[in-house]
Every structure is written in C-alpha cells, then in structure tokens.
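Feature annotations, courtesy of TrEMBL:
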ACT_SITE  H190  active site, proton acceptor
BINDING   G12, A13, A14, G15, Q16, I17, G18, N108, Q115, V132, G133, N134  NAD(+) binding site
BINDING   R95, R101, N134, R165  substrate binding site
DOMAIN    6-151  domain 'Lactate/malate dehydrogenase N-terminal'
DOMAIN    160-325  domain 'Lactate/malate dehydrogenase C-terminal'
Amino acid sequence: MSKKPVRVAVTGAAGQIGYALLFRIASGEMLGKDQPVILQLLEIPDEKAQKALKGVMMELEDCAFPLLAGMEAHSDPMTAFKDTDYALLVGSRPRGPGMERAELLSINGAIFTAQGKALNAVASRNVKVLVVGNPANTNAYIAMKAAPDLKPGNFTAMLRLDHNRAASQLAAKTGKAVSSIKKLAVWGNHSPTMYADYRFATIDGASVKDMINDQAWNKDVFLPTVGKRGAAIIEARGLSSAASAANAAIDHMRDWALGTNGEWVTMGIPSQGWYGIPKDVMFGFPVTCANGEYTVVEGLEIDAFSQECINKTLAELQGEQDGVKHLL
Ligand SMILES: NC(=O)C1=CN([C@@H]2O[C@H](COP(=O)(O)OP(=O)(O)OC[C@H]3O[C@@H](n4cnc5c(N)ncnc54)[C@H](O)[C@@H]3O)[C@@H](O)[C@H]2O)C=CC1
Ligand SMILES: O=C([O-])CC(=O)C(=O)O
C-alpha cells in the first residue's frame, strides 16, 4: 500500500536555494522514493516574488513527479505551516561580498520570530524544522524560543554544508574517496569559527589524523578553508552557495528522517549540556540518527586545542544570542 503523503513547508521557495531544493524534495531524494509529499511553499507577499513562485510551481508540475501529491503557494506563514511535518526555513536575505553572516541578524532575525510563532500555532506537533537562512544557528534559536509548545529539540540549524565541505577537503588531502570518510564532526556555529574536527575520523578503519599527521595544515589550511568557504564562493560566483546548500539541506533532513545506519553526521541542535555547552545554545554536534531521532555522540575526548576552538565558537554564539534578546 502506498504511504500517506507528508507535508513539507519550504520558505524562500522562489529563491536560489529554493530552486535547487524543491525538485529534489519532489523527486523523493529527501524523504525516500516511496514517500509522497505535499509542498507548502512560502514567499513574501510581494507581486514579483509570488509570480516567480508560480513559475517554479509550473516547472514542478512539468516534471510530473509521481511523488508530488500536491503543492500550494502561500504568502503567510500561518497558512504555509498548517499541519506541516517538515519545515525548511530558507527564506531570508543572503550576504554579499565582504559581509559576515552575523551581520544579517538585524535583517533576518525578526523573520524567525514570526515563523517560530506560526509553527507553534499551526504545524504538526512533531514538525521537524531545519533553519538554513543565515545566521542559521541563531535564527534557529529565535524560532525555537518563539515556539514554546513544540519540542525544542525539533528545531535544528544547518551545519551539514560545513560537514560536507570538510569531508571533501579531507578526501582531496588524503587522495581517498569522500564516501570512505567516517566519524567526522563539526562543532559550533555555521560561521568561520566553526571547528571541523577530524581527530576521530577514519578511512577504511585507519585514522585520518595519523594519515595526515600535520597540525599546521589543520590549523592554517584546513580550518580556514572550510570556515571561509562560503565567502570564497560568494567571491567567485557573485552569489552565495545555493546548490551545495540545497544538497546539504536534503542530506540533513534525509538523515534525520531515515537514519544514518550508525554513521556520524553534524547537526546544529539545542544543547542539553553536552560537552559543557550551555542548555539551548544551538550548536553543531556529531550525531547519529535512527527512527526519526538524533542522538549526540558522547564521550569524545576534547584536547586543549579543540577546547580552545569550541570555546571560541561558543562565545560567538552566546554573543549572537545576547544580541537577539529583544526578539525573544
Ligand atoms: N546554512 C547554510 O549553510 C547556508 C545558508 N544560506 C542562507 O540561506 C538564505 C537564502 O539564500 P538564497 O536562497 O541564496 O537567497 P535568495 O535571495 O536567492 O532567496 C531568498 C528568498 O527568500 C524570500 N524571503 C525573504 N524573506 C522571506 C520571508 N519572511 N518568508 C518567506 N520568504 C522570504 C525572498 O523573497 C527570496 O525569494 C540566506 O540567508 C543565505 O545566507 C545560504 C547558503 C548556505
Ligand atoms: O556564506 C554564505 O553567506 C552562505 C553560506 O552560509 C555558506 O555558503 O556557507
């Protein structure tokens, strides 16, 4: 018997990431090739944006996706999020050249108060929320705080792009297939302070750290490359990453919903005090997923260098949190 359709809300649906994301959700890449979806698409109440959204929906229609069981255009989160099972909060301003993501907080922060409130009022009580719009961790924190009737743990921020970027850099460095890299972790904020940590990573069971054996490369090449990759793409493309961001969003939601078979992935989640990170800070942690739930990989040793990196990204997130107190 075919499965009952699930409702997937996507905001910023007519934007760059939306265009790289929706077709893959509708084709079953996110929730499985046997899972019908109803897309609930939100754009700003602006004639141009709504018209562009209609155009995207025409193209979705023209794909004749067997799993696309319905689609709706919305200009109000209170209708867009009605009964939604999954919410991908993409809609917000991207940064331009020379900006840091945190500078977007004053522009984008308020979007997530309104959307958190709407999710609280009308979404499925088990809605799984992924915040992509930058600064993603703090926007996810704002949305979570605006939705006191939903499970805080169901609000997540996207660190998966950093995770995937780190995996690709390690594959290039070691000359091994990216798929062979296991047990990678990215701690903290989706910003240049994030700490991509390959101390536990393995390739075919062998230690990546021992294989590379070069702390100077870690500190001076690897971490800055991964941390500043978004800016490098803006510099090269004139626009922020879209296809790789959409791909990471698909990876994040697919793994959360369908599981990781014991493999580690990185998700930005509200801390429960793990690794000394204060409760509710929206922080990147290594997790495994099964049965629609994530579980933090606990008990990893944090050496002095790692602790210093973690402290730095935590301090930045706490600074961002302080800066949005007026929105909570
Ligand atoms: N977390 C991550 O790893 C990444 C995050 N991003 C972020 O994703 C966001 C979107 O990026 P793009 O799609 O490239 O931008 P874009 O400008 O192409 O599209 C954004 C869309 O969101 C819509 N929008 C704005 N406010 C909205 C609201 N309140 N409700 C619904 N829709 C709204 C706009 O009308 C626009 O169509 C940016 O904040 C960007 O910085 C981008 C790449 C990676
Ligand atoms: O850098 C940006 O502004 C877009 C983004 O988050 C990324 O590519 O990591």
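Cβ atoms are placed via backbone N, Cα and C, with glycine included.
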Fewest other C-beta atoms within 10 angstroms, as judged across Q16, Q115, N134, which are the binding-site residues: Q16
Close-lying binding-site residues around ligand 2 among G18, R95, Q115, G133, N134, R165, where CB distance stays under 6 Å: R95, N134
DSSP three-state assignment (helix, strand or coil) for R165 (substrate binding site): helix
Per DSSP, three-state class assigned to Q16 (NAD(+) binding site): helix
Filtered binding-site residues, from Q16, Q115, R165, whose Cβ is under 6 Å from an atom of ligand 1: Q16
Stretch-averaged pLDDT - the domain 'Lactate/malate dehydrogenase C-terminal' (160-325): 97
CB contacts for G12 (NAD(+) binding site) [other CB atoms within 10 A, all chains]: 26
Using Cα positions only, nearest of the binding-site residues to R95 (substrate binding site) (A14, Q16, G18, Q115, G133): G133
In sequence order, the binding-site residues (G12, G18, G133) whose C-alpha falls within 10 A of H190 (active site, proton acceptor): none
A14 (NAD(+) binding site) versus N134 (substrate binding site) - Cα distance in angstrom: 17
H190 (active site, proton acceptor) CB neighbourhood, other CB atoms within 10 A: 31
